[in-house]
Every structure is written in C-alpha cells, then in structure tokens.
C-alpha cells in the first residue's frame, strides 16, 4: 500500500480518493462466524424439538446432530404436520451450513498443502546458501496424517466400546420403545435392541461417513446423548482424515514433479522470449507454475488481459488504463 501513496492517518488512498470498504466480520473471522452460526442453528433446533415436538432433551440433541451432520437415521421423531414446513427449511439451512463447514475444512487443508509447497522454496534457497540446516520446520506439522488417523481411530474405538458394552441390549424409550421389553438380564429374551462389537463398528462407519442407513442407531437415552456428540466429532474426524489422505497423495505427486532435472527443454520452457536468457519475470512465471500456485492457462489469460488493457501498446499499464476494470 505504501507504493500507492496510502495515507495511513486518514485511511484514504490519493488515487482512489475514498477510504477502502470495511471488511465484514464474517470475512475477517470466518471460523468464529461458522461457530456462531452452528451454535445458533443448534439452539433453534433444540427449542423446536423440545418445546414444539415435546422431545426429551437428549432426543432433541440427537435429532439436531443428525441434521447438522446430514446423517439422517430417520428414527426417534415423527415430525408433525404443523412443523413440516419449518423442518424443511431447517434442513435446507442445515445442509448449507454443513457444506460451508466442509468447505472451510477443505480450505484449511489446502492452506496446509500450500505451506508445504512454500517450504520447498525455502529448502532450495537454504541449499544454495549452504544454510539448509537452519531452515525452521516448526511451523509445519510433521505427521498430520498420523494425527488425523490416530484421532479418527480413537473416536471409532470409543464409539464401538461404548455401544457394544452399554447398548448390548436396550428396550429404548419414547416412540422406539419395544412393548413388553424388560431392561436387564431379560432384555434379549423380551425383544430388546441388541448390539455387539460388529454391529457397533458397522454403526460407527455408517455414521461417520454420513451414510446413515437407519437400520442401526443409538437407542438408549445415554446412547443418544453420547451418539449426538460422537457423530459430530466423528464426522469431522473422518472428513479431516480423508482430506489428509488426499493432501498426502498430492504431496507425493508434487514430490515426483520436483525430481525433474533442469534440462534444456525445461530451460526453453522458461525462456518465453526465446533469447537464450531467463529474466526475473520469466523465472517468476515458471516457478509459479512449477510450484502449483497457478496454472499455465491462468498465466495465458493474464497475458491476454494485459494486452487488452494496454491501449497504447507500450508494454506498461497506467492507472487510467486499469481504472474501473479491476473491480471483479
């Protein structure tokens, strides 16, 4: 901004003649905004399920968790006619919220990939200067895939252990109560819902992957409370693991690309002016493409845009030439 003569005291640019627009809160604090939206969304759902549908608190939380994670077991609550319109809108908004949260997670993983790519440039520079050992790697998590997989497996193990033990047999309650069922030693004999370690594992995978067939689901009060938290944490952990797997695959592909030597053919690619020398701008363009920061097609489009804006064809752009054209 200093190159444009930015007036920091008055927060006004002499070229633009007006102060810059204020950045909205949701732009400067996207994750906090997402969290506030999520809490507000869950709060509304809890009130409707509890006060309007008459659900017990753990059932209300259980249903909201299903909607937020898009699992949708299809059990526990039969939405009454007078709340169907609200629930339709609530589910639509919840889907948008889930997609927004998933997109935020994707961009976080993308930023981690970008940090790794940037770090390779630092390693090259350090190698040239003989200071490779001084490159600081503390800002890069060394084992992100291990952390993601360990977290997911821990949540998976806790889910399986809880439901295989605590819900080995239950009569459930409310609309899912089994008539004539007796809790305790006679639960299985009187037709209670039974779960073993295989069923608990199956339920965990179906839940964390957001498939939610509905053939198996938490049935007890405590099970639905634990399941509400577990499904949200599990879906997030599973999404992170999948993202880290793709990030690792991308890093492997990028590593093989870097193994290419500087051949005459590669030098010719850098030398876009074909004069036998590579200028700073040509080297910059090549490295941006090589590091995966921009595509060759994007560079070509930028060149075309530059030629279009350069009305006097002098190879340089004035403010008058770009004014009003760089707002999109």
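Glycine residues also receive a Cβ, built from the backbone N, Cα and C atoms like all the rest.
A quick note: this is a predicted structure, and the numbers were derived from the prediction, not measured.
Between the listed ranges 123-144, 145-166, 167-188, TrEMBL ties the annotation transmembrane segment to 145-166. Cross-referencing 32-52, 53-73 with TrEMBL places the feature transmembrane segment at 32-52. Looking at 7-26, 87-106, the range tied to transmembrane segment in TrEMBL is 87-106.
Away from its own ends, the transmembrane segment (87-106) comes close to residues 30-31, 34, 37-38, 41, 44-45, 48, 67-70, 79, 236, 239-240, 243 of its chain (Cβ-Cβ under 8 Å, at least six residues beyond either end). Across the domain 'EF-hand' (265-293), DSSP helix (H, G, I), strand (E, B) and coil residues number 17 helix, 0 strand, 12 coil.
Residue counts for the domain 'EF-hand' (297-328) under DSSP, split into helix (H, G, I), strand (E, B) and coil, are 17 helix, 0 strand, 15 coil.
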